[in-house]
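Positions annotated as compositional bias 'Basic and acidic residues' by TrEMBL: A:413-429. What TrEMBL lists as domain 'Mandelate racemase/muconate lactonizing enzyme C-terminal' is A:199-295. Under the heading region 'Disordered', TrEMBL lists A:402-429.
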Protein chains: 2
Amino acid sequence: MSLITALETSDIRFPTSLLLDGSDAMNPDPDYSAAYVRLVTDASDGLEGHGFVFTIGRGNDVQVAAIDALADHVVGRDVDELLGAMGRTWRELVHDSQLRWLGPEKGVMHMAIGAVVDALWDLKAKRAGLPLWRLLAEMSPEQLVELVDFRYLTDDLTEADALRILRRAEPGRRERTERLLAEGYPAYTTTPGWLGYDDAKLARLSREAVTEGFGQIKLKVGADLDDDVRRLGIAREAVGPGIRIAVDANQRWDRDDAIAWIERLAPFGLAWVEEPTSPDDVLAHAAIARAIAPVPVATGEHMGGRVMAKQFLQADALGVLQIDATRVAGVNENLAMLLLAAKHGVPVCPHAGGVGLCERVQHLSYLDYIAVSGEIDGRMIEFVDHLHEHFVTPVEVTDGRYRAPSSPGSGAEMRETSRSEYRYRGTDV
Amino acid sequence: MSLITALETSDIRFPTSLLLDGSDAMNPDPDYSAAYVRLVTDASDGLEGHGFVFTIGRGNDVQVAAIDALADHVVGRDVDELLGAMGRTWRELVHDSQLRWLGPEKGVMHMAIGAVVDALWDLKAKRAGLPLWRLLAEMSPEQLVELVDFRYLTDDLTEADALRILRRAEPGRRERTERLLAEGYPAYTTTPGWLGYDDAKLARLSREAVTEGFGQIKLKVGADLDDDVRRLGIAREAVGPGIRIAVDANQRWDRDDAIAWIERLAPFGLAWVEEPTSPDDVLAHAAIARAIAPVPVATGEHMGGRVMAKQFLQADALGVLQIDATRVAGVNENLAMLLLAAKHGVPVCPHAGGVGLCERVQHLSYLDYIAVSGEIDGRMIEFVDHLHEHFVTPVEVTDGRYRAPSSPGSGAEMRETSRSEYRYRGTDV
């Protein structure tokens, strides 16, 4: 028997605001950060579980404190007991009745639970000698269903529905795994489109995206309408008519502003409109979706959890679900969201970028493709070529496609030198 | 000119779980706690601003860390500048682009902002020599509107709508203030109904509630249907047919379970059904509300913010809005919620109890009565006779009615001896 002997946290911040990488209409100067957790055991294999919550700077310390508050749930516990029933482990953390008050099931405490749950998944995958996607995609439908908490979902998705979805995808698993390994998984790039970049840089990066094989780029919009019209024109000219252009407003608009603004941008041909308004506003998104159809609404990176995902799908308030690796309570809750999307026939195109989000969220898309929706058409993972060098197994994107990793683990492990170098020391980064 | 010289936090926990006070279907053993903040200035008046976030034990330290993360926004700042434009101050805190990532606008970080905002309101009221309710209810419609951030609300409530509502209530302000001072404001009591109490205690406390003048009691339900039926029968017999009985499921049910369960309880005559399911689930609440009409759904104590309040009202998903003093970003956001409720003609009956929630939330109900909805019929504030002795100006409830306080401030200030005695020292309380 081996025990978890330590839950060690660190506050890691990269000074990304200095270059305006990541600048958008709501986030002018993010410092991409990780509230990082490392689980250590006394097993002779020396394996560790790593996880983190992505934040954009200030408040990363609060997120670290929230992870620390979970130590009693894991330290001193039997590793096999925790890893052997990850559904039960998830429920124990999420249903801690006192901690639950702080959400419930959303926000800082919920994301902290996600970091710890995913550090356990990282450890489990390393112990199995498999990349996380493969560990998950080889679980039986019954094992996968056991990971999901159906509380608050049953008016839309029951355990029986989930089993049906997973069994439907069972026959083609092997073929899709081979296809994934051979051909990769589509990526799109947000690199050209940050608001802080000038027109020349936008045009140059847009052309480079096409050269690099991407079929879709994304532009940040929402700060100034005339600027957006001009920038979209530049981007459209740079990429030509055959490349998809999505726009992302980062929650900048109210409902009616969104509809009016998008009407001006629609002539450039929009792949989707992302985060038009408050991520909590199901009804406004539904109204926007009706108004801008057939252009789909995309949202999810700030979606508090599975209950919100359920409602957005029930209300036809989104056409693209953008799960995020660290916004919800880890792999288990993201699996619930994949199942909800599959039930409604809506494609999942994860949010990524930041620091380490590409490394992590790819595993969930592969799981979706192999064992949940069984689909890849119309699906793609966001890609930003940024900060990957800090990870032990950096993401590999070539010819506009993610290449599925073979290294064991979840992809969350940051190099020790990077963790040390970018450890926040209490002054502005 | 005077400056804010310190933001001092403390982690205060009361061992309420030992007596099962506060036990319900989701919270079997809460330890009522306060993540407490004290703002100190260098002014010669010696006045301080006090505020806190209510939690139920574990995680109170995380909430304290979130308040600490706001120190740079207030320490060293000009007191008059902050207090003189409380709308601007609120926006500065809520729209900190990096901290916003942790919500956005909900959960731990948002509640922390509420504690700091309300500590500023406490200071402002003390400097004015007025109880907070009076300070607010004497502001002009224009001044009140300036406190509200209409972002994400304009599809339902514009600044012009809000002005209209406030101006409509202007004529009767003085008369209602006098009536409030003379007659008090209706209270209802949750004291009899905790799940941890046995039948004899339930019957005794129910009878006492009637003797004490309460027109409504509330029972916790949702753990076991047969128990609930039996307990409701006992309570109904104890109070007689003329007293209203509300039930509170504390989010225990899924949508269809809620509807079936309530059908069994409805024959006892229900004043409202509180928190039937996830507080984030607008659509499920709307379905439940349609199914159980004319019994109204009540919710709000876990409502993340004004965007959720707006949707619940737009979807007719609640018939009673239960604002909470410390769940959202303070007085400003609760004012937005009062305005939304007034627009939709829905009564506001605040959640209280816990520790210090009665002391604080009463101010908002008086504001609602005097200057917003102008209504008192069908309105009441929850009351639990618990932990009031720890406050400098404890709430006064006699003959089933809250008595409006005349002491300056918001009611949030806890006695120094209590803050010291119940300061959490890192072991189980």
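From the backbone N, Cα and C atoms, a Cβ is placed for every residue, glycine too.
Taking Cβ pairs closer than 8 Å, the region 'Disordered' (A:402-429) reaches residues 10-15, 17, 31, 33-34, 36, 48, 50-52, 57, 60-61, 118-119, 121-122, 125-126, 128-133, 180-181, 184-187, 356, 358-360, 362-363, 365-366, 381, 383, 389-393, 395-396 in its own chain, all 6 or more past its ends. Per-class residue totals from DSSP over the region 'Disordered' (A:402-429), listed helix then strand then coil: 6 helix, 4 strand, 18 coil. DSSP states for the domain 'Mandelate racemase/muconate lactonizing enzyme C-terminal' (A:199-295), grouped as helix (H, G, I), strand (E, B) and coil, give 53 helix, 12 strand, 32 coil. For the domain 'Mandelate racemase/muconate lactonizing enzyme C-terminal' (A:199-295), the model's pLDDT averages out at 97.
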